[in-house]
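Structure, as structure tokens:
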């Protein structure tokens, strides 16, 4: 009798466990199905611990992370499921390349200009850029590609409201956010920035053999911008399907730029002038950082100069031919010890490109840098103040905008320009090899 009672209890318990298991399995199955059928998680919050500052051109600064005490190398952490889901989603979105604000008949093709905006995590400035685009004449003809290295609900919401031009979003697949605890992010086994090489070798940190030119070890947040820029350059020219046979120009912007309402009007006239009077010009730029109070007498003039990274890195426009010459310099770009993409380009004009770059640039700028604060500046970020100053300048000169013709104002002597100095931050062989690999990625 005791044996039969015990058997009955075991049977009942088994049935209860089986029923609970079935309920849990059904619940998970429904969730998986919901995830599979639901829209992409473009409005999801960023991965934990992924907040990083944007990097601008300037001198490399010591971050608070560098002051961490020395600790022995630790085992590599496991990747959490949320991070893996984001990696998978980024891959899928980059493959799908869903265009918005175009017809569904499959006949749409880009015009003579495409904009590519490198976006990090400054939505307050991105909002200003989008507002300036909205005011630009002819913008409905221009494809705008937003290239992201940070995923946030606020940023994606901003871009979802762009209804005035064709839009494509792509995502840098090797961001710190997608690799928060391993390379290309910050691996806990990496050497601390200021550790001497001998001490690093004794400690056994994984990049001990590869400090930069100043004896410092890599900091992921400084390395990311150069990685993103080079990946984006290759991806838009080689992997964006709608641009496979594109013969126009691509204008490269950043999230803290601001465009004049006649930028597209002026750009088209610059391109025509380049073809007619400056066939030797390699690139176009929409402006410099020089402070201008009045457009009087200069609104219809452009100059021919030697390209200089500290002056002509805003609104840089490249043809496919210029891109192909750049990509042939992949090894030089990817191994030059400077974490700034533009100062590295300056080095390429001396060390690798067939000749120094000749740039066509307007005397009255059609692009402005609204984000003159942040990592390399001590100013407080006040986007509304900066945008008000730019709008005031444009309003006070609106009678000079949209010139009927453009003429070359000055042709400056062409002379090689060396980078002011090498900033370092790019000595790690892992950065070199990842950077080189973008050319091989499908």
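The backbone N, Cα and C atoms fix where each Cβ goes, glycine too.
The substrate site in Swiss-Prot is built from 118, 119, 120, 121, 122, 224, 225, 226, 227, 228, 293 plus one of 149, 194, 262, 321, namely 149.
Using CA atoms as reference points, the recorded positions 81, 329, 334, 352 were checked against residue 118 (substrate binding site), and the closest is 334. A Cα-Cα distance of 31 Å separates residue 334 (disulfide bond) from residue 278 (disulfide bond).
Mean pLDDT of the predicted structure over the topological domain 'Lumenal' (30-442): 88. Ranking the disulfide-bonded residues 191, 278, 281, 334 by the number of CB atoms within 10 A of their own CB puts 191 at the top.
Highest Cβ count within 10 Å among the disulfide-bonded residues 352, 435: 435.
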